Every structure is written in C-alpha cells, then in structure tokens.
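> Sharing the feature lines straight out of TrEMBL:
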BINDING   B:Gly11, B:Ala12, B:Gly13, B:Gly14, B:Arg15, B:Met16, B:Gly79, B:Thr80, B:Thr81, B:Ala106, B:Pro107, B:Asn108, B:Phe109  NAD(+) binding site
DOMAIN    B:113-246  domain 'Dihydrodipicolinate reductase C-terminal'
ACT_SITE  B:His136  active site, proton donor/acceptor
BINDING   B:His137, B:Gly146, B:Thr147  (S)-2,3,4,5-tetrahydrodipicolinate binding site
ACT_SITE  B:Lys140  active site, proton donor
Protein chains: 4
Amino acid sequence: MTEQLAVAVLGAGGRMGAEAVKAVDAAEDLKLVAALGRGDSLDSLAGTGAQVVVDLTTPDSTEANVRFAVEHGMHAVVGTTGWDEQKRRNLDALLEAHPGTGVLIAPNFALGSVLASAFAAKAARYFESVEIIELHHPDKVDAPSGTAVRTAQLVAASREEAGVSASPDATTKSLDGARGADVEGVRVHSVRLRGLVAHQEVLLGGPGEQLTIRHDSFDRASFMPGVLLGVRAVASHPGLTYGLDGYLDLND
Amino acid sequence: MTEQLAVAVLGAGGRMGAEAVKAVDAAEDLKLVAALGRGDSLDSLAGTGAQVVVDLTTPDSTEANVRFAVEHGMHAVVGTTGWDEQKRRNLDALLEAHPGTGVLIAPNFALGSVLASAFAAKAARYFESVEIIELHHPDKVDAPSGTAVRTAQLVAASREEAGVSASPDATTKSLDGARGADVEGVRVHSVRLRGLVAHQEVLLGGPGEQLTIRHDSFDRASFMPGVLLGVRAVASHPGLTYGLDGYLDLND
Amino acid sequence: MTEQLAVAVLGAGGRMGAEAVKAVDAAEDLKLVAALGRGDSLDSLAGTGAQVVVDLTTPDSTEANVRFAVEHGMHAVVGTTGWDEQKRRNLDALLEAHPGTGVLIAPNFALGSVLASAFAAKAARYFESVEIIELHHPDKVDAPSGTAVRTAQLVAASREEAGVSASPDATTKSLDGARGADVEGVRVHSVRLRGLVAHQEVLLGGPGEQLTIRHDSFDRASFMPGVLLGVRAVASHPGLTYGLDGYLDLND
Amino acid sequence: MTEQLAVAVLGAGGRMGAEAVKAVDAAEDLKLVAALGRGDSLDSLAGTGAQVVVDLTTPDSTEANVRFAVEHGMHAVVGTTGWDEQKRRNLDALLEAHPGTGVLIAPNFALGSVLASAFAAKAARYFESVEIIELHHPDKVDAPSGTAVRTAQLVAASREEAGVSASPDATTKSLDGARGADVEGVRVHSVRLRGLVAHQEVLLGGPGEQLTIRHDSFDRASFMPGVLLGVRAVASHPGLTYGLDGYLDLND
C-alpha cells in the first residue's frame, strides 16, 4: 500500500471546514492528523507530521496560518477569502525562501465552475455573441454574482485579445433592465428563484449555432473534490498558485 | 372519403400566406379554392365556394376582408395584426347578425407558444417565484419581446387573482439592469444572440423544486399547425374567438 | 385574525413527517395539535381537536389511521404508499357514511411535478413527437423512474384519445438502447448522474418548434407546499380524491 | 488595405459549396477567384492564382482535387468525407515533398461542436459521471449520431488515461433501452423529435454539482465560420492537420 498523505484542517468548526474533515477522513490516500477550530493554537500543528494544511478559516487569521505552515515546511491549500494582491506578494516573497513548498489559494473550489469559466473564456473569441445568465436563491443580496462578474471579465479579456467586436445588438426600444447588466461589454442577467442554489449559463452564438456551458451547484459538497485535488497536487506545484485552474490539465 | 373543406387564402403573396397556401394544399382534408394576393379583387372569392377564408394580409385591409367573408357566409381565420378593441366590437356586432358564422383572430398561431403561456399562467399561482427569460436573434429592435410581455401580464394576473405575494428578492446591491425588466411585478430578461430565432423560458420556483416551461420557435413553419387547427375548428365555434387558446382543449 | 386550522401529523418521527411538523408549525393559519410517532396510540388523537390529520406513516398502518380519522370526523391528507384499488374502494364506502368528510391520497405532493405531468398530457395531442428524459442520482435502482412511466402513460392516453399517430422515427441503424425504452409508444430515456436528485423533461416537437416542460426536484422540502395545500383544501373536497391534481385549478 | 487571399471553391454546385461561395464572397479579406462545379476541369484552377482551395465535393473526387492543389502549390481546406487512414498517409507523403503547403481535413466545421467535444474530453476526467444526450430530427436513420459516438470515444479515452472509474450506476431493474446505448462505457441517449435539427448535450456530474456542455446546430450556416477560419489559417499550418480543433487555440 502506498503511504498516506498527512493532512491538517484549520477552521474545522466552520461549515466548509467540517465538510473538509469528513472528505479527508473518507479518502483512502489521505490521513487526517489534525482538525483545529477557533481558539486552538497553531503550535499544536508542529508535532502532527502534517504535510499539507487546509485553511478554511477567516480573512483575519488565514495569513498567519499560511505563514506558519510554510515556515514549518508544510504545503497549504487555502479556501479563505481576503488574499488581496499585497498579501499574495508578501507570500510570494516568503515562498522564495522555501523553494520546495507549494501554496494553492483558490477563490472557488467547485471543479465544474472553474472549468466552465475556463471553457467560456476559450470559446468566447470564436462566436459573434456571448451573454451570461446566473441564477440563485432569492436570499442573495448581490446581483450579478461574483462568479458571473469574473466570468464576464475573462470573456471580455479573451475577446479583446483576439480582436473580436462587441456582441451585435439592434435593440432600440427597451424596458429598463431588459437587456441585463453590462460587465465590460458582456451582458449579464441575474435570476432569483426560490428553490435554486447557484447556477450559471454562458451562451455563445454564431450563425446557425449555439454553444451553452452551464454549471449547477446544488450543495456545498461540490467544493470537496476540488479541495482534495488541491491537497494531492500541491506538493508538486512549488510556489504560489492562485486559482484552481492552475492545477487542471486544460492544455493537452 | 369525407368531403374536403374549401379554403381560400388571402395574402398569398406574403411569406406567411405562401406558407399557408402550401400547408392547405398538403392537407388531405382541405381543398385550396383560391389564393389571392395584393390587388386581387375580393369579389373573385364569391364564386369559389370557399367555406373558410384565411386572412394573412395587412392591418389596413384585414377588416374589410373579414367583413366580406362573414357577409358571404364564410368563416374566417385571421393572423393579421391591428384588431384593436373597437374593431373587435364592430365585428362582434356583425357576427350577431350572422349567428352561424365563426371568426378566429389569433395574435400567435404557434401551438407551443400558446400552450406555454397558458401553462405558465395556470402554474404561476402555485409557486413563490416566477421569472421569464426570452432569447432572440440580435436584429430584434424591441426588448422584451411582445410575447414575453403578454406572458408576464398573464402570470401577474393569475397571481393577483390567487392572492400570491410578489416573488421574493433580497437584492440590495446590484449593477444596473442585472435583475431584468419589471413587467407588472414579474422580472423579464432579454437575451440577444446570433444564431437564435425566438425562444422563451418561464421559470417557476418553490422550496426545493423548479418548474420550467420553455418554447423554441426555429422556423415560420411553426405557425402552420395552428392555422390548420383553426381552419378545421372555426365552423364549430360560431361568433368571435380571440386567441388560439380558445380552440385548445386545456380543461379536461 | 381568522381561526387556525388544527392539524395532527402521524409519522412525525419519519423524514417526511418531521418536515411536515416543521411546515405546519411555521404556517400562520395552521396549528399543530399533535405529532405522533411509531408506537403512539391513535386514541391520543381523539382529544386534540384535530380537524385535519396528515398521514405520513407506513403502508401497514395508513389504512387504520385514515379509518380512525374519518370515523372521528377528521379530514385526512395521505402521502403514504400502498393504497391499491381495493383499499380505495373500501375507503370510498366508509366516506359515503361520513358525507362531510374529505380524504386526499396523493402519490406525489411536489406541485411542480404534478403540474408538469398534467401539462404534458394536455399538450401531447398537439405535437407530432413526444419523448421523455428523466435524470436521477446514480444510486437509484429502477429505470425509468415511476414518475416517468406514469407521465408516459398519461401522454400515450391523451394522444390515443385524440387520434394522434405515433411519433415519427426513421431510425434503421441503431446501437442497442440508443432510442430509449418504449412505454406505450413513448420513448423514455433514463440518465444517472452523481450530483443530481430527481429531474424530468418532457420534449414535444412539431414543424419548426419545440415545447419543453421540465421539473427539477432538489430537496424533500419540495413536497411541503403540496401537503399544506392539501391540508387547507381537504375540508372543501368531501369524499375521496386520488392525486393532488384534483385540488389544482387547471381548468380556467 | 491588406491584400486579399485568393480562394477557389470546388463543389460550388452542392449545398455546402454554395454556402461557401457566398461566405467567401462576403468576407472582406478573401477574394473568390474560382467556383467549380461537377464537370468543370481542374485545369482551369491553374491560371486563377488561387492560394487556397476549398474542397466540398464527393468522396470519389476529393483525393484527386487535393493532390492537384498541393502539386500546384495551393493550400487546401477539405470538408468532404471519405479520408480514411490510408488516404491520409498517402497525402502525408505527398506533403513531405511540398513542405510549405498546408491541408486541413475536418469531419466537422461547426466551431461550437468542435469546441464542445474538446471541452467534454478535457472535463471528463474530473467528474464521477458522464452521459451524453443527442437530439435530432426524426428523419435521421442512425442512432446515436456519428458526432455523439466520437464524443463518447474522446470522453472514454480521457477518463481511461486519467485512471477514472466507470460512471456509477446502481440500476438493477430496468426497461430495455432505458439506460441508453453503451459506447466504450459512456451512456448515449438519442432523442428524435420533429422540429429539431442537430443538438448534443454532455452531462458531467460530481458530488453536489453538474457541468453541462450543449451544442445546438440550427442551420447549415453554422459550418461557414469554421471553413473561413480554416481558409485564413491553413497557410500557417504546413503539413496535414486532421480536425478543426488543431487550429483552435485551446491551450492558453
């Protein structure tokens, strides 16, 4: 039998953290060596033999956690928000001093969502028209969703790079809001419907054809395959990687 | 063999009229006895033995055509626009003097579209949330489409009658237009995409479930089954019927 | 304030029953007066003043429960399986002796699913082609789903009544199974996919157009609006009603 | 103004060829220098100055056409079927003797379809379950479609390479055909519906999430953007390229 990878989960008392504890525990090739909650001292990590630390904590503690891990020779997989450019630059500098250590920071661990955005960006340059529809439960306070805004930005950047014109639109007579929000030239429509969780459709159209890339997120469980993929791959990706797509094999 | 029904098509030179001529010609139970274009005199209808007149002409001639038909004891199936309330009242009065004669005026002959609107209105009272997405080719000048506005109005009326609250929406932070147009309290989103023809989705959501009613119109041919259904049924529906749904058996 | 309706839930220890207890408790117009689990005596119902009994128990106890309710002047809303024709005839006879009392037995309380089946049956006679796709999680042992089989039967019956021909199909060269299962002449395709719950699509096609009626069930919560609708309406539907559609206003 | 690329179309009398003639004519950067139909001699190509030859002819003439083009220093873009392995090997050998000349042979020129297949293959290794639904008009004689079979093969190869297990399936009780056809372990479902043209959906599912990649082909026009992309790019891709995806930028 191959040796198991030793994993510690930080933020184990939170909803995502608790899911991660279960997922690591259930994976045959992984061994859960520590599950720390709010108030547990980082020092207790030191003796656990953890090779990979999963950080699902809070924006005010994640930076110290990752620094501690790197300084103790542990790789880190991070799903906590708050990693702005300045913090990532600081981490880059720290990792230069620890050349064999890898850190993955991912704003989104849902494989399907990451793939959908990547595919939409690749395809966007080959179609005359692109629009995005995102659909969520009605308790969501922001519209469009952050994921839809980021997808629109990736689509816009891909089209600009390829010199593609704006999507055609002959609308001259419109009710306010009918044509959606304009995110860097890409129309985004936000549906709010009881019963839904989180869903997104990128629609690409050319003469006589349509390509649709849709992602449905039904459950928080959807993040775990991405977390585990990160845990297994982080040791072979030294340095800082931002975004799970850096670990996906999209280029063969 | 059963006797064929004798049918005359007015507006046979137009695109819809030409389709109707072909469709009547191809139907075994129908016999095309006249196909009149712009400039042909109505008087030539009189000797044809037409039992049903299909009017696919223009707003400025349709009223005279239908009056002529009714006065000559012919039923009429009308797809021409321009029949406002005043004109329909006048026609009602005329039909009272011709009690055995039927006229069907339909703003939409696509069976799927008529059924989709009827189903959406019926279902709307049973769900917390309803929104509409319509998708068309990018050369369309108005947004939302007329069909989407009418569907939203039917949905709103059905919910009001049943005392259903507005669809919930916690949005507090939104880009302009993201949440669509507001048509009598129903959100309507208009997508414009090269390659599309005319499509509409009504999304209804409740706790843990979603009902979606979608209609795709790929081709003008989609109107012909509705026209033929009207031709076959008009004799058994004396008086004026407005809307093809009046001929559909939705109530068993 | 209007008076609350007094409701008792039987089978309160089961998953559906526990959901019903919560749903009744949360409804302002309903008052939970009893929640009985396995082993609790029916006699304890007698003094509760319950006007409506919700039975979400087991096939071997549901008949005695409903009989007890009817004999004590309580209406009943039943989601338990096992009510074959013989049992329903017996219940009919009992209800004749209690003319003011109503019982609703529903094999499916998801409003969207019930509406989707009803709409599909109504529409089926107006289209050349109809096929059904049902999609479920991969732990399901039967294919097609019971709901898909029932929907196909309703569709087939509606088409036969209207004298519609079989859906056209020119297939002469096919891999085994490609064209799905044949349920009374209607093709049914069963998809099994990790992440899904229970979903069904009825596709209806005619020249140049398609009508799609899709239902997604994401969560057991989807049954509660139907249960509450039954609870509120059962008193005004004396006698036995089989199927929630009998309470839905599909015929205006 | 940049110089126009000189293009000849072979098979200009066929449906695809006629579309290509129109598309080349309408493109500002391309110049149509010849449009040859059945019976026109290839020799007339020699004096036209054509830089790229588009072959949309028949399996029995395409090989001679391409050979003629290559021997006269013209690049070729080929949409004709019949290029089996042996013929491609012969062409490879010829192209070695003409090192600057490029030939693109593409079984499918619809960009959306080619992208959909490529994305499905890339994504297939990251999901527990994959199934394919293809939907066509009911006059099609084969099921599943050739495109669906190829997509299933790509998906199967990608999963095998990554060591992914078969999609889970607990079905023990099934009507014949319900679970679709088995193409190298991937389930494929074929829907036939009046009104449809050619459509395909790849469904990928993991815990709590679904990724759907759908392509709709509404019209033969959908092939032209791919043909033009080939015409513009063939000169910079010397040698033989099989499949339009070889020209798409999927790897950034």
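Here the Cβ of each residue, glycine as well, is placed from N, Cα and C on the backbone.
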> By DSSP, what is the split of the domain 'Dihydrodipicolinate reductase C-terminal' (B:113-246) into helix, strand and coil residues?
51 helix, 44 strand, 39 coil
> Give me the CA-CA distance between B:Phe109 (NAD(+) binding site) and B:Gly146 ((S)-2,3,4,5-tetrahydrodipicolinate binding site), in Å, as a whole number.
14
> What residues, ordered by sequence, lie under 8 A Cβ-to-Cβ from B:Arg15 (NAD(+) binding site) and sit at least six positions away in the same chain?
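Counting only residues 6 or more apart in sequence, the Cβ neighbours of B:Arg15 (NAD(+) binding site) under 8 Å are B:Arg220.
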> Under 8 Å Cβ-Cβ to anything in chain A: which of these recorded positions pass, B:Arg15, B:Lys140, B:Gly146?
B:Lys140
> In whole Å, note down how far the CA of B:His137 ((S)-2,3,4,5-tetrahydrodipicolinate binding site) lies from the CA of B:Gly11 (NAD(+) binding site).
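B:Gly11 (NAD(+) binding site) and B:His137 ((S)-2,3,4,5-tetrahydrodipicolinate binding site) have their Cα atoms 26 Å apart.
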> If you count, for each of the binding-site residues B:Gly11, B:Gly13, B:Gly79, B:Pro107, B:Gly146, the other Cβ atoms lying within 10 Å of its Cβ, which residue has the minimum?
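Comparing Cβ neighbour counts within 10 Å for the binding-site residues B:Gly11, B:Gly13, B:Gly79, B:Pro107, B:Gly146 gives B:Gly146.
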> Determine, to the nearest whole angstrom, how far the Cα atom of B:Thr81 (NAD(+) binding site) is from the Cα atom of B:Thr147 ((S)-2,3,4,5-tetrahydrodipicolinate binding site).
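Just about 14 Å between their Cα atoms.
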> To see if you understand the setup: which same-chain residues, six or more apart in sequence, place their Cβ under 8 Å from that of B:His137 ((S)-2,3,4,5-tetrahydrodipicolinate binding site)?
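Expected: B:Arg192, B:Leu193, B:Arg194, B:Gly195, B:Leu196, B:Val197, B:Ala198.
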> List nothing but the one residue from B:His136, B:Lys140 whose Cβ has the fewest other Cβ atoms within 10 Å; the candidates are the active-site residues.
B:Lys140
> Of the recorded positions B:Gly13, B:Gly79, B:Pro107, B:His136, B:Lys140, which one has its Cα closest to the Cα of B:Thr147 ((S)-2,3,4,5-tetrahydrodipicolinate binding site)?
B:Pro107
> Tell me, in order along the sequence, which recorded positions from B:His136, B:Lys140, B:Gly146 have their CA within 10 Å of B:Gly13 (NAD(+) binding site).
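Of everything listed, nothing lies within 10 Å of B:Gly13 (NAD(+) binding site) (Cα to Cα).
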> Could you measure between B:Pro107 (NAD(+) binding site) and B:Gly146 ((S)-2,3,4,5-tetrahydrodipicolinate binding site) for me? Cα positions, answer in whole angstrom.
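With distance taken Cα to Cα, B:Gly146 ((S)-2,3,4,5-tetrahydrodipicolinate binding site) is 10 Å from B:Pro107 (NAD(+) binding site).
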> Among B:Thr81, B:Thr147, the binding-site residues in question, whose Cβ has the most other Cβ atoms within 10 Å in this structure?
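Of the binding-site residues B:Thr81, B:Thr147, the most buried by Cβ count within 10 Å is B:Thr147.
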> For the recorded (S)-2,3,4,5-tetrahydrodipicolinate site, whose residues are B:His137, B:Gly146, B:Thr147, find every other residue on that chain with a C-beta no more than 8 angstroms from the centre of their C-beta atoms, and list them by sequence position.
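What remains near the Cβ centre is B:Glu134, B:His136, B:Lys140, B:Asp142, B:Pro144, B:Ser145, B:Ala148, B:Ala198, B:Gln200.
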